[in-house]
Amino acid sequence: MENGEIPENANEHCPGPQSESAGKSDACQGCPNQEVCATAPKGPDPDLVAIAERMATVKHKILVLSGKGGVGKSTFSAQLSFALAAKDFQVGLLDIDICGPSIPKMLGLEGQDIHQSNLGWSPVYVESNLGVMSIGFMLPNPDEAVIWRGPRKNGLIKQFLKDVYWGELDFLVVDAPPGTSDEHISIVQFLQATGIDGAIIVTTPQQVSLIDVRKEVSFCKKVGVPILGVVENMSGLCQPLKDFRFLKMTENGEHTDLTEKVIEFMREKAPEMLDLIAASEVFDSSGGGAAKMCTEMGVPFLGKVPLDPQLCKAAEEGKSCFAEQKCRTSAPALKNIVEKLMMNYWHEEMSVEQ
């Protein structure tokens, strides 16, 4: 328990050896360290001082959260980082999803290693102004499962914050795992004294996702993290009509691909249709979606991002959706959200940019 760190063999919801409830709370029952924690002297965690020193060179810290997995949170984190870097800001992207680190894939950095210097761990850089840190860089085998209890996860998050040398950053984007678990409590606890700008919460339109987002909003309010806004992702499938496949189905479920015939027919009879964008609701949004939830809970609604196959492809290839003109439906939506964030919260940075 050196420097107040939580031991690896501690119970899952360990309050920490420096907590006033160390060795006394219900979570401590049966822990092999219970007696030591209960009698050990208490005091401020010295690592928080080291974290504060590291974060002193970071202007803005943004948490990206989601109530449920699979809503595109990491995709949003990656594209937000690409967008800020494209504005010539110095950007860091910290992946604290310990058990499911997908950021290296989405930034095109798979197989990269972390390097150490006398200043600390060096982030892996996509561009000179976009650095990334993730446990994904530390795994010898990308297929290896990370089976860690809460204390060990929290220890790594603390190490990322106090040992990674980011240098001068305009923005640090923190991609958190879904839910409201130990990792979320830890990142807030470790960064609270250094100032967190707030959280962006990502959801999909249907109620089964919004139910969990309400819990995420409640979590932020309880721990004192401002909510910068909610993004409704996968808000309807949108793509050029010519990119669809056209199938003729039979009663037994078999199909015949008529795509070439249909495209050729449109080209001859109605060529203007080839420039149309086709849209379809994938998730049920009859309950009003994220916009209605935001009104009810009194939090900002940042906008909708459609389900765009080209954005999915950009994420798979580790590319920015803004770099080429392929993401015709998602890139403008994401750009509008970034501009709204800049206008609402970081207008002074916009002045510097201009």
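Every residue gets a Cβ built from N, Cα and C, even glycine.
Because TrEMBL annotations are produced automatically, they should be read as predictions rather than curated entries.
As written in TrEMBL, here are the features:
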REGION    1-26  region 'Disordered'
BINDING   Cys14, Cys28, Cys31, Cys37  [4Fe-4S] cluster binding site
BINDING   Gly67, Lys68, Gly69, Gly70, Val71, Gly72, Lys73, Ser74  ATP binding site
Gly72 (ATP binding site) has its Cβ surrounded, within 10 angstroms, by a count of other Cβ atoms equal to 21
Please report how many Å separate the Cα atom of Ser74 (ATP binding site) from that of Cys14 ([4Fe-4S] cluster binding site), as a whole number. 28
Going by a 10 angstroms cut-off between Cβ atoms, which of the binding-site residues Lys68, Lys73 has the sparsest surroundings? Lys68
By Cα geometry, the one of the binding-site residues (Cys14, Cys28, Cys37) nearest Val71 (ATP binding site) is Cys14
I'd like to confirm something. Which of the binding-site residues, Cys14, Cys28, Cys31, Cys37, has a Cα closest to the Cα of Gly67 (ATP binding site)? Cys14
So Val71 (ATP binding site), by the Cβ count within 10 Å over all chains shown, scores 23
Restricting to the chain of Gly69 (ATP binding site) and a gap of 6 or more, list residues whose Cβ falls under 8 Å of its Cβ, or answer none. Gly100, Pro177, Pro178, Gly179
Using the structure shown, find which entry in Cys14, Cys31, Cys37 (the binding-site residues) has the sparsest Cβ neighbourhood within 10 Å. Cys31
The binding-site residues listed are Lys68, Gly72, Lys73; by CA-CA distance, the one closest to Cys31 ([4Fe-4S] cluster binding site) is Lys68
